[in-house]
Amino acid sequence: MIYKMAHVQLLLLYFFVSTVKAFYLPGVAPTTYRENDNIPLLVNHLTPSMNYQHKDEDGNNVSGDKENFLYSYDYYYNRFHFCQPEKVEKQPESLGSVIFGDRIYNSPFQLNMLQEKECESLCKTVIPGDDAKFINKLIKNGFFQNWLIDGLPAAREVYDGRTKTSFYGAGFNLGFVQVTQGTDIEATPKGAETTDKDVELETRNDRNMVKTYELPYFANHFDIMIEYHDRGEGNYRVVGVIVEPVSIKRSSPGTCETTGSPLMLDEGNDNEVYFTYSVKFNESATSWATRWDKYLHVYDPSIQWFSLINFSLVVVLLSSVVIHSLLRALKSDFARYNELNLDDDFQEDSGWKLNHGDVFRSPSQSLTLSILVGSGVQLFLMVTCSIFFAALGFLSPSSRGSLATVMFILYALFGFVGSYTSMGIYKFFNGPYWKANLILTPLLVPGAILLIIIALNFFLMFVHSSGVIPASTLFFMVFLWFLFSIPLSFAGSLIARKRCHWDEHPTKTNQIARQIPFQPWYLKTIPATLIAGIFPFGSIAVELYFIYTSLWFNKIFYMFGFLFFSFLLLTLTSSLVTILITYHSLCLENWKWQWRGFIIGGAGCALYVFIHSILFTKFKLGGFTTIVLYVGYSSVISLLCCLVTGSIGFISSMLFVRKIYSSIKVD
């Protein structure tokens with residue numbers, strides 16, 4: 001019956017997944033255009049940037065009073081007053097795309113293959129002073145527009161001084177900021193006079209009353225350059241898109257001279273804004289199959305290689321020390337214990353064998369521990385498979401949100417394994433409340449994450465961000481969870497209860513618990529946790545920086561090969577360090593290894609991940625909402641890391657303990 005139920009659930013999941021649009025693999029299903037064919041231009045949300053630079057009057061990069069926001073805005077949010085088509089149509093998106101804030105719509109731009117345009121009028125809008133203040137604030141804080149043409153992000157050309165290479169960076173500026181100086185007597189632009197305190201920087205020459213102003217210029221003209229590949233016989237494919245935004249102050253459409261004054265929105269009056277665009281086509285030798293190569297830029301790979309090689313050597317050294325020390329010590333212990341005359345010498349002996357009557361004693365809160373470990377195993381398998389598939393190239397960045405969608409599906413499927421593990425561990429603890437374990441394992445951790453997401457959703461709603469996950473999407477996720485994951489989890493728990501024999505211990509548990517002697521300071525839980533967490537954290541520290549920039553600032557992350565190798569190092573170090581500390585604790589007659597194995601394996605690394613995320617905020621966070629979102633999501637990431645590494649530490653310790661105590665003779 002259990003097998004049939006699991007089989008039916010898998011068939012239903014296969015049916016649902018098969019009805020969804022297939023994942024877009026590199027080199028599959030290109031769109032071929034003929035001359036004058038329409039090329040759709042889609043618009044996405046406006047997102048913050050990380051390394052946006054202000055410029056002075058000579059065009060040089062200068063530092064400015066820039067804040068960083070961690071939420072995006074809908075392109076057609078009514079305060080932007082962008083031109084709209086006759087009928088705004090939302091484009092279909094994957095589940096992962098919606099979760100990560102994509103809001104893709106059609107646009108009024110008319111692009112036709114090989115049909116160039118010069119200063120084509122788009123529309124005229126009126127931007128009130130209050131909305132002008134809002135737009136100027138986003139310009140000064142480096143917000144980017146994000147367009148999509150034939151599945152490619154409209155980009156800007158970026159030069160990486162470290163690698164001496166150029167690449168295409170997704171998105172382009174909402175506007176520009178010019179840093180200029182003036183005195184109180186000099187006439188300054190209205191936008192600079194009426195902006196709030198953040199326009200005026202702290203640099204001031206009191207004697208001459210010279211102030212430094214940030215003048216935000218709004219981009220209202222777009223030079224669109226489309227690169228195409230000629231396939232012959234009149235067939236063409238889009239292989240690159242660059243957009244150069246220009247700010248032009250004008251009183252009538254049809255004039256696009258860039259030598260005139262730029263447009264700065266007056267925050268005290270209504271502003272008439274004319275939007276225009278130009279289109280050019282450049283033939284390129286780049287084939288369609290390699291068009292993403294220009295976007296998938298690895299920032300300073302030498303740092304990543306250096307970090308991975310160095311830490312790989314550390315892991316090899318650590319592994320050698322741990323394995324050699326344990327094998328040597330255990331070999332000596334086994335020989336001594338198995339030759340021991342229990343009647344004469346047992347009371348004189350010491351070491352981990354003396355714990356044989358307590359080492360398999362059920363810990364306090366065994367139900368909670370089993371649920372956390374099972375949830376950690378579920379997350380571990382999800383992360384491993386997701387990174388592995390991405391490293392092989394199955395999850396292309398051209399399929400927006402595919403990674404998040406696959407992670408959600410895998411997490412639901414691995415609910416079977418997570419619940420099986422949770423129930424097996426609960427049997428290992430001889431827990432009596434198996435029904436509570438069956439119900440809570442698929443609900444506790446996902447429910448906690450859902451509540452946190454809903455709470456953070458309210459903060460996103462407060463600032464009118466496009467990152468708000470719609471209620472319909474949340475209900476759909478919960479529906480899928482109850483339809484697929486929970487039945488699979490129940491099946492895993494029931495099978496484990498009937499078929500899993502982890503409750504068969506190699507030694508019997510005494511009725512009276514053995515007193516634990518005094519432990520050295522470095523083996524106490526908190527110091528041991530802090531020491532053990534250094535090694536797994538070190539294996540992923542470099543990759544965390546790139547993951548954060550991708551999550552918060554809309555950068556394309558495609559270094560999954562580095563990430564997969566780093567995750568392997570994380571797994572090895574978490575396992576080895578926890579086993580080493582568990583062994584030395586047992587040698588000092590501390591038989592309470594269960595919670596220590598989980599905490600030492602997971603809490604230290606999670607703590608360092610959280611501290612790293614806080615140190616990552618060397619940039620200035622803008623506003624209370626941004627701080628709450630950053631701390632909230634960073635806490636979720638750290639807690640999930642704790643579950644993954646904690647489950648690695650616990651299972652490694654459990655297998656180690658069972659192995660060594662099954663290898664000795666106990667009467």
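Quick reminder: no glycine exception, Cβ is built from N, Cα and C everywhere.
Listed features, source Swiss-Prot:
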type: SIGNAL; residues: 1-22; note: signal peptide
type: TOPO_DOM; residues: 23-302; note: topological domain 'Lumenal'
type: CARBOHYD; residues: ASN61; note: N-linked glycosylation site
type: CARBOHYD; residues: ASN282; note: N-linked glycosylation site
type: TRANSMEM; residues: 303-323; note: transmembrane segment
type: TOPO_DOM; residues: 324-370; note: topological domain 'Cytoplasmic'
type: TRANSMEM; residues: 371-391; note: transmembrane segment
type: TOPO_DOM; residues: 392-405; note: topological domain 'Lumenal'
type: TRANSMEM; residues: 406-426; note: transmembrane segment
type: TOPO_DOM; residues: 427-442; note: topological domain 'Cytoplasmic'
type: TRANSMEM; residues: 443-463; note: transmembrane segment
type: TOPO_DOM; residues: 464-474; note: topological domain 'Lumenal'
type: TRANSMEM; residues: 475-495; note: transmembrane segment
type: TOPO_DOM; residues: 496-527; note: topological domain 'Cytoplasmic'
type: TRANSMEM; residues: 528-548; note: transmembrane segment
type: TOPO_DOM; residues: 549-560; note: topological domain 'Lumenal'
type: TRANSMEM; residues: 561-581; note: transmembrane segment
type: TOPO_DOM; residues: 582-596; note: topological domain 'Cytoplasmic'
type: TRANSMEM; residues: 597-617; note: transmembrane segment
type: TOPO_DOM; residues: 618-635; note: topological domain 'Lumenal'
type: TRANSMEM; residues: 636-656; note: transmembrane segment
type: TOPO_DOM; residues: 657-667; note: topological domain 'Cytoplasmic'
Three-state secondary structure, ASN282 (N-linked glycosylation site) (per DSSP): strand
Composition by DSSP (helix, strand, coil) of residues within the topological domain 'Lumenal' (392-405): 4 helix, 0 strand, 10 coil
Tally of DSSP helical, extended and coil residues in the topological domain 'Cytoplasmic' (496-527): 10 helix, 0 strand, 22 coil
Residues of the parent chain within Cβ reach of the topological domain 'Cytoplasmic' (582-596), under 8 Å, 6 or more residues beyond its termini: 326, 329, 350-352, 354-355, 358-359, 361, 363-366, 369, 429, 514, 516-517, 519-520, 523, 525, 528, 650, 653-654, 656-657
Residues from the same chain, set at least six apart from the ends of the transmembrane segment (636-656), whose C-beta lies under 8 A from its own: 369, 372-377, 379-380, 383, 421, 425, 428, 445, 449, 452, 532, 536, 570-571, 574-579, 582-583, 593-594, 596-603, 605-607, 609-610, 613
Leading stretch by Cβ pairs under 8 Å, where the reference is the transmembrane segment (443-463) and the options are 406-426, 475-495, 528-548, 561-581: 475-495
Distant-in-sequence neighbours of the transmembrane segment (561-581), which means Cβ under 8 A and at least six residues beyond its ends: 304, 308, 311-312, 315, 318-319, 322, 325-326, 380, 383-384, 387-388, 391, 523, 528, 532, 535-536, 538-540, 542-543, 547, 596-597, 600-602, 605, 645, 648-650, 652-653, 656
Intrachain neighbours beyond the transmembrane segment (371-391), with Cβ under 8 angstroms and 6 or more residues off its ends: 403, 406-407, 410-411, 414-415, 417-423, 425, 437, 440-441, 444-445, 560-561, 563-564, 567, 571, 598, 602, 640, 643-648, 650-651
Cβ-Cβ under 8 Å with the topological domain 'Cytoplasmic' (496-527): same-chain residues at least 6 beyond its ends: 2, 354-361, 419-425, 427-428, 430, 434, 438, 581, 584-585, 588-592, 596, 599-600, 658, 661-662, 666
